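Chemist: The structure follows.
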Amino acid sequence: EDKCSPSGAICSGFGPPEQCCSGACVPHPILRIFVCQ
């Protein structure tokens with residue numbers, strides 16, 4: 001079962017956008033990670 005990640009959760013910048021509940025995985029402005037918008 002696929003659970004979407006909430007806003008602010010770390011996500012894969014290369015993964016499907018559906019991994020985030022918002023449908024958007026964006027780069028964090030400070031940390032070198034991607035987070036759900």
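All positions are counted from 1 along the displayed chain.
Positions of Cβ are set from backbone N, Cα and C atoms, glycine also.
Here Swiss-Prot flags Cys4-Cys21, Cys11-Cys25, Cys20-Cys36 as disulfide bond.
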Chemist: Which of these disulfide-bonded residues is closest to Cys4 (disulfide bond) if you go by CA atoms: Cys11, Cys20, Cys25, Cys36?
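Modeler: Comparing Cα positions, the candidate nearest Cys4 (disulfide bond) turns out to be Cys20.
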Chemist: Hey, how far is Cys25 (disulfide bond) from Cys36 (disulfide bond), Cα to Cα, in Å?
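Modeler: Counting only the Cα atoms, the answer is 4 Å.
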Chemist: Counting other CB atoms within 10 A of each CB, which of the disulfide-bonded residues Cys11, Cys20, Cys21, Cys25 comes out lowest?
Modeler: Cys21
Chemist: Would you mind reading off the Cα separation of Cys20 (disulfide bond) from Cys11 (disulfide bond), to the nearest angstrom?
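Modeler: Their Cα atoms are separated by 7 Å.
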